[in-house]
């Protein structure tokens, strides 16, 4: 009797987790070796040393079987007699298991399975442990005969059984996780997690919205030319797209929390570095690296929070998370209003400071990322990820931690978590195995290539059955919606600036045929046009020219000193015997002019080829962004509440259809700035319902081992479509209103039609 016990100890050292427990729920994983499985079954059949050890190995099904006597009886049967019963018994068992999973799979939809109408996993375990009756779910009792029959099974039959087991166990892990989260409860922990990952999404939104606020100031200090301005926003979207793919893949390999913490650390670091960059090239590089880091927040944050909530409350928390992202836009707008110069003249004066206002603004914009990074340090890893990769003990510790956080007011007796790792299904049929220790014999390059190969395999799995259809549909919907959203988010502020510019030009003061002799001009000249005028022995000193045109004018013995200019031009004019002292009037402001016997001393201006427009209209951008983000927040929260009772595809389809109709209302705004803001707020309020629902559906459409990779791909599609949308809509700012209206309506209508192919995911276990 000592040898079997010694074998049991040796087996436990090889397999720390019981690998042969509960034939109904804890079958051997598809990744386990065939030899190990056969040896385990042989050991159970040969000699369980006691009833307790037998129960530990094969589960509670043997309670009423008199396991010790029956197994001893079967051990003494001749091997030939066992082989006679082998084919009939194995065929019957295989048919029953196939019928069981066939009936279950008929209730499952597409590539993602659900177990509706069934008891929870832990309820089954409690029934088995207390009832002592027949095993649930149609599982056959484990006897010595069945164990002996399993020894003689062929490798093909064993593989087929493991495939069937794998299909069912995907649901068991998700069902167990949902049951565990229900017992852990909802409360303080979810609020804390939503706060920290919400700060990650807020940092993502800030990263996109800071560009129009810093551009006028950065244009002066970094001498950014007109053809380089667009790249400041484009490089951000490109970094966000690449970051979504890279960090999404890492989230499925290394864990959600670990990857999100790394991504936000990279973002916080390079956001701070970008603040101090002295040149355009270095600033762009730092901005790209910063966007590369925060690009991972979109897939990782949604996956993490969804996996830390029970299925019944998932929609509510996702809605809060979307609203938290919109709060980032509000934070950036209000911060810019308080810190960034709102006029071009203020920009020029600020440029003389060592650490100007736009640098301080960028530094303050790092606060959400910094707070998120610190907060993530104190959050645990996603328990669903830990269960998927087989880290059962860590997963149970996380469940217990969540339970204690949510029940901190209860007494010590009432705050005891009821589940343990022994109740977990032991198999990981489709998930990722735990990270293996590094092989010292392999090089760093080999490890990198292996990681790239594994990432590529996961990426390709998204475009293979059964995930191909849902991946294509989600890409179409996300791309179309992002094209319309990002496009209008850029178009509305730019259109407000255009209306303000048209109004400004209509107020231009025109002076024709005037003559000025011995006159001193000081202070400022703004929005004035001089035509056919003469200036003799005049002096322009300590003055600011803003949108001043001198057309066919003559200057005789005129002194220009200490002058700052913006959009000032001399056209077809004659300048003779004049002085230019400490001015920024470079050669580009003189068009077809005759310059004779003039003196130039200490011409100022760090960017001689740059003609900054003092009318930067920062306030119009602030109004446009605030109208959109303030409408997004309550709409996302209400959509999250509705997701707890309504079906996702219908909500998305109806919201996108109504948004396409609302886009046509753009024709009614005409040249009314207030109407533009009202249209933007109303459109975003309707559109936010689809955006929130679509984020939740994306999380639910992919299995655990592909969830972040799939969402990362969608995040990349969002950014690339946003890049195309912003470039397209900027060209439509001066076009008739019907152009952006029809383009937006068409894109959203296509997305609305595509939602008809979305699967129903409201019953899915993550």
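Using the three backbone atoms N, Cα and C, a Cβ is placed for every residue, glycine included.
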Among 260-278, 279-297, 298-316, 393-411, TrEMBL lists transmembrane segment at 260-278
Under TrEMBL, the annotation transmembrane segment belongs to which of these stretches: 444-467, 468-491, 492-515? 468-491
Taking 149-172, 317-340, 413-436 as the choices, which stretch does TrEMBL tie to transmembrane segment? 317-340
Under 8 Å, at least three CB pairs between the transmembrane segment (317-340) and the transmembrane segment (737-756) (pairs 6 or more apart)? no
Go through 231-248, 360-379, 468-491, 622-644, 737-756 and flag the stretch with the largest number of C-beta pairs under 8 Å relative to the transmembrane segment (260-278). 360-379
Residues of the parent chain within Cβ reach of the transmembrane segment (737-756), under 8 Å, 6 or more residues beyond its termini: 473, 476-477, 480-481, 483-484, 487-488, 491, 649, 652-653, 656-657, 659-661, 663-667, 669-670, 687, 690, 728-729
What stretch, picked from 231-248, 360-379, 651-669, 675-699, has the most CB pairs under 8 A with the transmembrane segment (191-211)? 360-379
One stretch in 231-248, 360-379, 468-491, 622-644 has more Cβ pairs under 8 Å to the transmembrane segment (711-731) than the rest, namely 468-491
Within the same chain, where does the transmembrane segment (622-644) have neighbours whose Cβ lies under 8 angstroms from its own Cβ atoms, ignoring anything closer than 6 residues to its ends? I mean 6 or more beyond. 205, 209, 312-320, 322-323, 326-327, 329-330, 332-334, 336-337, 489, 492-493, 496, 651, 655, 676-678, 680-682, 684-689, 691-693, 696, 762
Residues outside the transmembrane segment (231-248) whose C-beta sits under 8 Å from one of its C-beta atoms, at least 6 past its ends, are 204, 207-208, 211-212, 215, 218, 224, 259-260, 262-263, 284, 287-296, 298-300, 459, 708-716, 718-720, 722-723, 726-727
For the domain 'Major facilitator superfamily (MFS) profile' (191-762), provide the mean pLDDT of the predicted model. 89
